[in-house]
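Asks: Once you've had a glance at the structure underneath, I'll fire off some questions.
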Amino acid sequence: MAGLGLGDGGSLGRCSHAVVRSLSESLCQHALRREKGKEVDFARAEREHQLYVGVLKSKLGLQVLELPADESLPDCVFVEDVAVVCEETALITRPGAPSRRKEVDAMKRALESLNLNIVEMTDENATLDGGDVLFTGREFFVGLSKRTNQRGAEILADTFKDYAVSTVPVYDSLHLKSFCSMAGPNLIAIGSTEAAQKALKTMQQMSDHRYDKLTVPDDAAANCVYLNIPGKGHVLLHRAPEEYPESAKVFEKLKDHMLIPIANTEMEKVDGLLTCCSVLINKTSEL
């Protein structure tokens, strides 16, 4: 499924717009979760989410489209899973969990309002969650998980033909980005578990390019949000020291980045991490 590797990684993190969605109160009782755990404190979850959205909007100056919550869709705050956007093209996915399929409708309308080229995944044999898609600026890695299958990866490759697409088996986690993400151009943040390290090895073997790695002790903390904002440079939203102190120390070594710690304690109870709550878009043409 390799395409032409045209990307040089230089555009990674460039961003003008973000799409986010408010939390449904139904998240607390009905959001999907891999294992039953602690109860979500809704008021705290809402505060954490508002701080996250506030950073994107006020601190970083992005144009943020805030979609309203839908109580019939408890997972709708996790917008990353329903769209993959690269340059001016948006792939509307077919989420692996049937209960999440209707989440795509509001996202499609939002992305249409930004005049993106919309591609819809209509093949009923395909599933793809955006949480399984790691774009490095040069190529895509797609996790094959309980939520994303080979057909979904093939449709992504057909949609973004300018980039190589490689698949990575995901065994013990919900998504590929449950234990990795881009922390900068050419820099993959990766967790320390055996499963995370094995996936990284697969990615390294699949790629013609040599990436640097930033290994953090906690898999969940390896999910961070890298942005390259004019006038601000390299920006990294990462998990707060009070949640993952040892991992935060690793991020603090990134001296060239503006580091913004963000707490995500409540969302993590229902498998939500930092990248899950936004779809980032770089509009280069006029709206």
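Here the Cβ of each residue, glycine as well, is placed from N, Cα and C on the backbone.
TrEMBL annotations: computationally assigned, not manually curated.
What TrEMBL records for Leu32, Asp75, Glu80, Asp81, Arg100, Arg147, Val270 is substrate binding site. According to TrEMBL, the feature active site, proton donor maps to His175. The active site, nucleophile feature in TrEMBL is assigned to Cys276.
Relative to the rest of the structure, where do these features sit?
Replies: The C-beta environment of Arg147 (substrate binding site), restricted to residues of the same chain at least 6 apart in sequence and closer than 8 Å, consists of Asp81, Pro95, Gly96, Ala97, Thr127, Leu128, Asp129, Gly131, Asp132, Leu174, His175.
Remark: Cys276 (active site, nucleophile) has Val77, Phe78, Val79, Glu80, Asp81, Gly131, Asn223, Met267 as non-local neighbours, by Cβ distance under 8 Å and separation of at least 6 in sequence.
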Asks: I'd like to know which of these binding-site residues, Glu80, Asp81, is least surrounded, judged by other CB atoms within 10 A.
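Replies: Per-residue Cβ counts within 10 Å for the binding-site residues Glu80, Asp81 bottom out at Glu80.
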Asks: Can you tell which of Leu32, Val270 has the most other C-beta atoms within 10 Å, given these are the binding-site residues?
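Replies: When each Cβ's neighbours within 10 Å are tallied, Val270 tops the list.
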Asks: Quick one: of Arg100, His175, which of the recorded positions has the smallest count of other CB atoms within 10 A?
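Replies: Lowest Cβ count within 10 Å among the recorded positions (Arg100, His175) is Arg100.
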